[in-house]
């Protein structure tokens, strides 16, 4: 289907991986305000900060992450921390602990989890959480109860003395939960762990207006001034929400998939990618949303699959979350049997875009007979993808596509 998203966040000697939220349109604005709006703003700010750090570290590579999954996993992890480690982790995620209690933070994530469970049945989405603990350790009941209450996480005993077998079992667990889309999660991580926390998601989105399958053609994609690659280029000719930004050097469109998802495709002018990325913020998204107009557009977007694995340790340290990776780490609310240390924070995500959508009676249609010349917008050079839940404006996925081939 047109939009397939799989994501994993792994934290070794604790780890995590999480998920997309889709809000029931019938959920009241009051409930959203009470449970989630403050959480969403912190999550979006953290998302853009993390995204900008990753882009700076890999200026010539594709980037694709699920920011809310990272926020979710780290917030869950904070339930097992104490003292400075805990305060640093929550503050690094963007939460003002003087204005919002820790209980309210976890209640906000709990509400998000409920929204996932109650999401539109037209979305194909599988998500969940699991904690794998070495059988020689005793998990504190308070931590077990907290992660069950707020994050619907389960605890599974594992023999980490046999790391090869344990890693295969965890890989198999995640693979089965994500319909085979996330495999070999622990591949290449050969340091035995005693605690592995996993949050997983498989998500398949379907365009409300599909691209024209018969119109997909191989075209040039200009990676940079010296590199040109061939890619299958999809076409949608229809009425689309479009903006040629007067403040930033870019054009953009907003598309929807069935359910509650909104996708922004942003095309910076040549050489202006960093300028646009530097300006990404909640205010920019609000301004773009207000400025979009319904326009007749011939939209060309590459049919693309992007995957990546990111070791987030250095990035999180730069963002102020440093205790997790030092001897100062305090995880005494998980177990008192051992001093847990984090060895890695690894995020894995995959994005697939193709043509298919849902045939809807009375829809605008894929092809229009136009009386005026349409806007022609070709995403044939590096571009940005942002996927939000359009009721809560939580940042689901962020991508920078440098080379789709």
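Positions of Cβ are set from backbone N, Cα and C atoms, glycine also.
According to Swiss-Prot:
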BINDING   286, 393  cortisol binding site
CARBOHYD  26  N-linked glycosylation site
CARBOHYD  31  N-linked glycosylation site
CARBOHYD  96  N-linked glycosylation site
CARBOHYD  260  N-linked glycosylation site
CARBOHYD  330  N-linked glycosylation site
CARBOHYD  369  N-linked glycosylation site
SIGNAL    1-22  signal peptide
SITE      250  site 'Conserved cysteine within steroid binding domain'
Largest tally of Cβ atoms lying within 10 Å of a Cβ, found at which of the recorded positions 96, 260, 286, 330: 260
Alpha-carbon distance [residue 330 (N-linked glycosylation site); residue 250 (site 'Conserved cysteine within steroid binding domain')] in Å: 45
Candidate recorded positions 96, 260, 286, 393, pick with smallest Cα gap to residue 330 (N-linked glycosylation site): 96
Rounded Cα-Cα span from residue 96 (N-linked glycosylation site) to residue 393 (cortisol binding site), Å: 20
Rounded to the nearest Å - Cα separation of residue 260 (N-linked glycosylation site) and residue 96 (N-linked glycosylation site): 28
Integer Cα-Cα distance in angstrom, residue 286 (cortisol binding site) to residue 96 (N-linked glycosylation site): 23
